[in-house]
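Chemist: This structure is in structure tokens; I'll ask about it shortly.
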Amino acid sequence: MKLLNAAVVFILVPTLTPALDPLSTSVLMGSAAVAWQLLSSQSWLKCSLLECCNMKDTLNFSVIKMDLDRKVFGQHLAIEIVLRALSANMRSKRPRKPLVMSFHGWTGTGKSFVSSIIAENLYRLNIPRQKFVHHFSTVLHFPHLSHIHLYKEQLQNWIRGNVSACPRSLFIFAEMDQMPHGLIDSIMPFLGYREEIDGVYYGKAIFIFLNNAGGDKITEIALDYWRSLKRREDIPVKKLQSLLSEEIFRNRNSGFFHSQLIQKNLIDYFIPFLPLEYKHVRQCVREELRVQGHPEDEDLIAEIALAMTDYPSEERLYSSKGCKTVASRVALS
């Protein structure tokens, strides 16, 4: 109907313009053009002024790489895999399946932060497109085990409806280690190699799972490398991904416990977030001082970072909370 009304305007404009002076004619023609742009579902003007689904892939890899390198500390493995995964997905005009990534590691290592950077860079013009970025918190959205059948139905309807509205939708599931067993398997049909499901194409959608489960295994491997005088940069990512897959599949404290998503290989990347060392926490503190508008204070940076590196108790090599409490510590200092 909107497009029909716009068409009527364009048909009537030539018949009305002879009765108008040149200035009025220009204004009327300009107004009609603006109206056409605003009424068109994917016009550049509507996408500039209003929230609309960005059908074209506009992810700038140099920009997102710069953001990740500048803002995320100690996660060379995660950054490398995320960039490779996004690049492979975006290169295809019609991906065969959605991009599915599972982030694993201790709290405060950057899992949520990286997912937010992806969300910020996914849509053009740096205008927040919250309408197409969907966050699910297990504690908030799926709190009652007795309602799991209802949650499954709601989750399917939510994903189906939002991907129908915007194929390049982003779904972020936090606290996967607390998700009721079997719930996440309800979205399995949407993650597979299918052309369409009931007329809806899901290949451009992106799913990110945030998991504390597997963090202990990642830390164990990183610590073994350190004790063997090997660099964390030399940890083989393929071996780590394989171990993560097995770990969370067997772990009862994981939302992927005996999950069909793993059995059917529907998760494309298991991405490890390594524990943060003293030097990485120092970088977090320095960045937080900048964000809060404080001058760099090397003594304060060292004091906060040293207090936060507490694991294992003998070596005190890693921060068990990552950079989670850095902001509050800086604010109180």
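Cβ atoms are placed via backbone N, Cα and C, with glycine included.
Just lifted these from TrEMBL, have a look:
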{"type": "SIGNAL", "residues": "1-19", "note": "signal peptide"}
{"type": "BINDING", "residues": "GLY105, TRP106, THR107, GLY108, THR109, GLY110, LYS111, SER112", "note": "ATP binding site"}
{"type": "DOMAIN", "residues": "276-330", "note": "domain 'Torsin-1A C-terminal'"}
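Please go over these features one by one and say how buried each is and what sits next to it.
Modeler: Taking the Cβ of TRP106 (ATP binding site) as reference, residues of its chain lying under 8 Å away and at least six apart in sequence are, in sequence order, ASN212, GLY215, ILE218, THR219, PHE273, PRO275, SER320, LYS321, GLY322.
Confidence in the domain 'Torsin-1A C-terminal' (276-330), given as mean pLDDT, stands at 96.
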Chemist: Would you list, in sequence order, the residues of this chain other than GLY105, TRP106, THR107, GLY108, THR109, GLY110, LYS111, SER112 that have their CB within 8 A of the centroid of the site's CB atoms, where the site is the one recorded for ATP?
Modeler: PHE103, PHE113, ASN212, GLY215, PHE273, GLY322, LYS324
Chemist: By Cβ count within 10 Å, point out the most packed of the binding-site residues listed: GLY105, THR107, GLY108.
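Modeler: Per the Cβ count, the most surrounded site is GLY105.
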Chemist: Could you put numbers on the helix, strand and coil content of the domain 'Torsin-1A C-terminal' (276-330), residue by residue per DSSP?
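Modeler: Breakdown, helix to coil: 30 helix, 5 strand, 20 coil.
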Chemist: Output the one of THR109, SER112 that, of all these binding-site residues, has the highest number of other Cβ atoms within 10 Å of its Cβ.
Modeler: THR109
